[in-house]
Amino acid sequence: MSEFYKLAPVDKKGQPFPFDQLKGKVVLIVNVASKCGFTPQYKELEALYKRYKDEGFTIIGFPCNQFGHQEPGSDEEIAQFCQLNYGVTFPIMKKIDVNGGNEDPVYKFLKSQKSGMLGLRGIKWNFEKFLVDKKGKVYERYSSLTKPSSLSETIEELLKEVE
């Protein structure tokens, strides 16, 4: 079993969100922020989620305040912002650190599987993305500049793969 499925972050309500419930799904994990130039990506992320959720795809957002202090709100405020401004219905987790001594185990795992540009492991900014296949393998890592809508073809390919 992939180490991915042993992870269990905490959701915005403080409840465990065990990743073993994601077995057989294609998962896009994104570190998100409410006051970032990339925040409008929420709209494309939600469109991707709605398009593929019934085919075995999900998105998980991890709010993070490590880049320019662009996610200052409480978990409840963040969830409200996402819902009111972008109609977000995909799961949003509790605010975490994605780098440094307090980095969340989810990001420690993801970064150990796929390094970023120039082989660097650290998350560079908000809205960096990790695409995980149906077997829990980190398939690809995308920079903040990558538009969520550009991932459709890859998501479709991964959804077609037999487990």
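Start at 1 and count along the chain as shown; that gives each residue its number.
Cβ atoms are placed via backbone N, Cα and C, with glycine included.
The disulfide bond annotation in Swiss-Prot covers Cys36-Cys82 and rests on a curator's inference. Feature annotation from Swiss-Prot assigns active site, cysteine sulfenic acid (-SOH) intermediate to Cys36; the stated evidence is experimental evidence.
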Tell me, by DSSP, whether Cys36 (disulfide bond) is helix, strand or coil?
coil
Looking only at DSSP and grouping its letters into three states, which state does Cys82 (disulfide bond) belong to?
helix
